Amino acid sequence: MHKDDILKELKKVLPEEIIKVDEPLKRYTYTQTGGNADFYLSPTTNEQVQAINHLARMNNIPVTYLGNGSNIIIREGGIRGIVLSLLSMDYIKVEDNVIIAGSGAAIIDVSRKARDYSLTGLEFACGIPGSIGGAVFMNAGAYGGEVRDCIEHAVCVNERGEIVTLTRDELELGYRSSIVQKQHLVVLEASFNLAPGNQEEIQSVMDDLTNRRETKQPLEYPSCGSVFQRPPGHFAGKLIQDSELQGHRIGGVEVSKKHAGFMVNVDNGTATDYEDLIHHVQNVVKEKFDVELHPEVRIIGDHPEEHQ
């Protein structure tokens, strides 16, 4: 379908105010890089998500789901078809010891809400800069905790546009992986089963984790968070540090001098700079230690030369 025809079809099923055409995606990524989306849609209801999925499936339009852009690199060529953002679905509800959060809610905010209600179990998430949808997608974790530890179930949309509810076991949450990734599901909502706790003790744990994060991580620059998964028996940051790569720079992106597991945008870096630096680090670590580093960050979109 031509873009004008797609736009006409979108306007039949969605309010115009949630449709953006040729939208710069660097506005929505922590790295501040990325080309344009043909269509950037920000639905506010499950029904709108289903309508978008149905329209896309019937017309063979690719759909890319975007969380809050914290652990993703989008290439300068942008993304064809539809980019679907669920950030407007950011509600947080508390029912007894269960917190229910929309896909677009920041997991930091959900962690704070748990604290406010003296519920323990989400302290580990107090510094994770991601949305609930993204956190479930990759089983986000930090400081010894992860989503798998406390999630009860997630409500998702499958590729056929059907709404399904998956239990913790059915989500198959592993190290930075889930069935959501494997089956191309879209998380609409997640419920977390927490335990009653002492609010002061919960706050104390969160303060400690926040201090550790601020002390060790390069929060003063744009970045995509931890770049590589932890290889078995090793720490990615230690391997990179021992390869003397801290401070190594390609274009405007460098391996952080503060934490070797991060790459920071210090001077108008591009997605290409990030990708080239990632490949360079992988090659050096492989050569020095014979260890394969696999990206934790998602790299998506067209290369610039594909969209000229």
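Cβ from N, Cα, C; glycine included.
Taken verbatim from Swiss-Prot:
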DOMAIN    33-197  domain 'FAD-binding PCMH-type'
ACT_SITE  R176  active site
ACT_SITE  S226  active site, proton donor
ACT_SITE  E296  active site
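For the residue listed as 'active site, proton donor', the same-chain residues that are 6 or more apart in sequence and have a Cβ closer than 8 Å to its Cβ are N71, A236, G261, F262, E296, V297. Of all Cβ atoms in the protein chains displayed, 18 besides its own lie within 10 Å of the Cβ of E296 (active site). Note on the domain 'FAD-binding PCMH-type' (33-197): its mean pLDDT in the predicted model is 95. For R176 (active site), the same-chain residues that are 6 or more apart in sequence and have a Cβ closer than 8 Å to its Cβ are M138, N139, A140, Q229, E296.
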